[in-house]
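To start, I am sharing the structure in question, which I have written as structure tokens.
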Amino acid sequence: MAQWNQLQQLDTRYLEQLHQLYSDSFPMELRQFLAPWIESQDWAYAASKESHATLVFHNLLGEIDQQYSRFLQESNVLYQHNLRRIKQFLQSRYLEKPMEIARIVARCLWEESRLLQTAATAAQQGGQANHPTAAVVTEKQQMLEQHLQDVRKRVQDLEQKMKVVENLQDDFDFNYKTLKSQGDMQDLNGNNQSVTRQKMQQLEQMLTALDQMRRSIVSELAGLLSAMEYVQKTLTDEELADWKRRQQIACIGGPPNICLDRLENWITSLAESQLQTRQQIKKLEELQQKVSYKGDPIVQHRPMLEERIVELFRNLMKSAFVVERQPCMPMHPDRPLVIKTGVQFTTKVRLLVKFPELNYQLKIKVCIDKDSGDVAALRGSRKFNILGTNTKVMNMEESNNGSLSAEFKHLTLREQRCGNGGRANCDASLIVTEELHLITFETEVYHQGLKIDLETHSLPVVVISNICQMPNAWASILWYNMLTNNPKNVNFFTKPPIGTWDQVAEVLSWQFSSTTKRGLSIEQLTTLAEKLLGPGVNYSGCQITWAKFCKENMAGKGFSFWVWLDNIIDLVKKYILALWNEGYIMGFISKERERAILSTKPPGTFLLRFSESSKEGGVTFTWVEKDISGKTQIQSVEPYTKQQLNNMSFAEIIMGYKIMDATNILVSPLVYLYPDIPKEEAFGKYCRPESQEHPEADPGSAAPYLKTKFICVTPTTCSNTIDLPMSPRTLDSLMQFGNNGEGAEPSAGGQFESLTFDMELTSECATSPM
């Protein structure tokens, strides 16, 4: 079954997570219309190869045209309009950046597969009593459901008792007025009043019963309000707080378990019960106005009950107003909460009380740093204005599940310029990527005679003015959301708390697993721990400061740990994503460990790892070989950076890499990817077929062109070889080989970085006849 069809059969909670994946950057409608074709493409490869991305993008536009023709034949005007709009949007945004749409689609498809896997795992664990985590969560939710059901039942029982009391009071009122009228007549006629006294006794008995019923109802109302208070505290202080924490985790790459539908159903159910109870309390006031007496419990307790139910409902409504989707720039969906001035960002708010009567009634206003006292307390903090459509009315039509929400799609920030270049005080206490700002959403609710002011705010955001500030800004977002669940601590970085390696390791792994199909292994994390903390046996519980993580240079390096790692993450996403997803890149491994695992392998075995010395992010390969004396040697090529990988894919570099041996013959030192995968099996599918690489020769030309192929060659000196006699033919060949590369800019990749001895080596990227 196609992946998209499987997704349609999931429960509502999973479908809500599916909705979170899609936005204007890649509309869900397009995913629906072209599901089979989209799933048949290799988007991961397209995301790492611009030429292939361009081809796939143009094929995508062609598929849209074909689907449009089908809708045209079906006279489906709405779908025609939507598809035309989608195509125009894709052309305007991705025509010059086809790799961007490829990355977005690849990420969505991978998240879909993760969602299916999560649903399947949950289904398998549903009936297993030996899964403690699943059992605790299920039991907790069942208890909450039972409490809500109990509240609803008690409200309905009270409704019936209110009717009984009302009927009893009507009977008492009628008999009392009748007796009073008869008593007046008897007084006028002077008749015996024995009958009247008998009826008075009956009225007293009715009043006693009425008083008992009233006291019972007042007592039950007080107990019901206490039960509501308990359920509300569980919902807001536990369930909603847990959701907000999960949202924080999801923002920094953690599991996207942030569905709100179930929580919305619970809160809506409680709100409905509270409003019904408030009407019952109002009914008590009506009964009191008709019949009242000395010691009336309604007179004594109704005002307090009214005050309690109104306070509960107000607090529930205030808690139910949440930011469903945190501020995020569409071009950087994997890095929310970082906003660049002048660049549009989106956000979405939602009211978890699903009352149809509130549809199109709540006007939301957006502002930034409303409570500017905390922000202003930081010397030199910048100030911003929100531009664009900063007001919107909440409605149920825009959301896929009918929730009451408002999505802001066209917001931008502009810095308020001051005389010293925009900063309020040049003596700033924090750098700009450590400044935290809050985006606030406000509205007013008028419902059943109540006016309630609602306000919620985003998680703290970092505002940058240049995209080069993104790495440090994202580090701030990671550190904040990793270490605190305080949603408003804009002073966090005046004294940033210390994290533990266990916390940092989990977040670092998320940076890979959230944008690729693979997180970090224990061995890879251990290597990173060694870079941060130095050699050690057990890093669990070791403390890491904010400065060590992001600001201080690593030992012997001119850059920080985070700058180095972030550039590697960028390198993986843009250039070697497919190879990383396959698990072919060992990545983070110490040179000692590298030597240990390769030294026992046959010559030609190689592994792929990230450079430890390249600030911009580099990837290299290390292989084992035998020198002429039979001694095992471990060799590494100088790391390939983004600049080289822009011109040739890493898979093609590996497949074509050559060295010139002692006999001046080009040979490939790379045979088996560690541990024993043939090179062709691992990387062949990621190289273009020769038929695509070399177009047909012009049939009208005098002679066909000779086909050429770019390969990376490392010519060696004789420092580690015995001088061999060289024939004139070999010398001529080498001279010609050197002249072919004359004038060309030498590639940074292709040079040895010897792990055993120093070698004087050069690098050339040459063309050789096919």
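One-based numbering along the chain as shown.
Even glycines carry a Cβ here, placed using N, Cα and C.
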Quick one: which of Lys370, Lys383, Lys531, Lys685 has allysine in Swiss-Prot?
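Checking Swiss-Prot against Lys370, Lys383, Lys531, Lys685, the allysine entry points to Lys685.
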With Swiss-Prot as the source, identify the stretch among 124-136, 137-149, 150-162, 605-617 annotated motif 'Essential for nuclear import'.
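That would be 150-162, the stretch labelled motif 'Essential for nuclear import' in Swiss-Prot.
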Which residue among Lys87, Lys244, Lys392, Lys626 does Swiss-Prot mark as N6-acetyllysine?
Lys87
If I look at Swiss-Prot, which residue among Lys318, Lys658, Lys707 would I find recorded as N6-acetyllysine?
Lys707
Which residue counts does DSSP yield for the motif 'Essential for nuclear import' (150-162) in the helix, strand and coil classes, in that order?
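The breakdown for the motif 'Essential for nuclear import' (150-162) reads 13 helix, 0 strand, 0 coil.
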Which of the modified residues Ala2, Lys601, Lys685 has its Cα closest in space to the Cα of Lys49 (N6-acetyllysine)?
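Answer for the nearest of the modified residues: Lys685.
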Please report how many Å separate the Cα atom of Lys87 (N6-acetyllysine) from that of Ala2 (N-acetylalanine), as a whole number.
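Distance between the two Cα atoms comes out at 24 Å.
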Mind tallying the domain 'SH2' (580-670) by DSSP state, helix then strand then coil?
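Output for the domain 'SH2' (580-670) reads 24 helix, 29 strand, 38 coil.
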Neighbour count first, Cβ atoms within 10 Å, every protein chain included; then name which of Lys49, Lys601, Lys615, Lys631, Lys685 tops the list of modified residues.
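The largest 10 Å Cβ neighbour count belongs to Lys49.
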Please tell me which one of the modified residues listed here (Lys601, Lys615, Lys631, Lys685, Thr714) sits closest to Ala2 (N-acetylalanine), measuring Cα to Cα?
Lys685
Consider the modified residues Lys601, Lys615, Lys631, Lys685 and say which one has the Cα lying nearest the Cα of Thr714 (phosphothreonine).
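Closest by Cα distance to Thr714 (phosphothreonine) among the modified residues Lys601, Lys615, Lys631, Lys685: Lys631.
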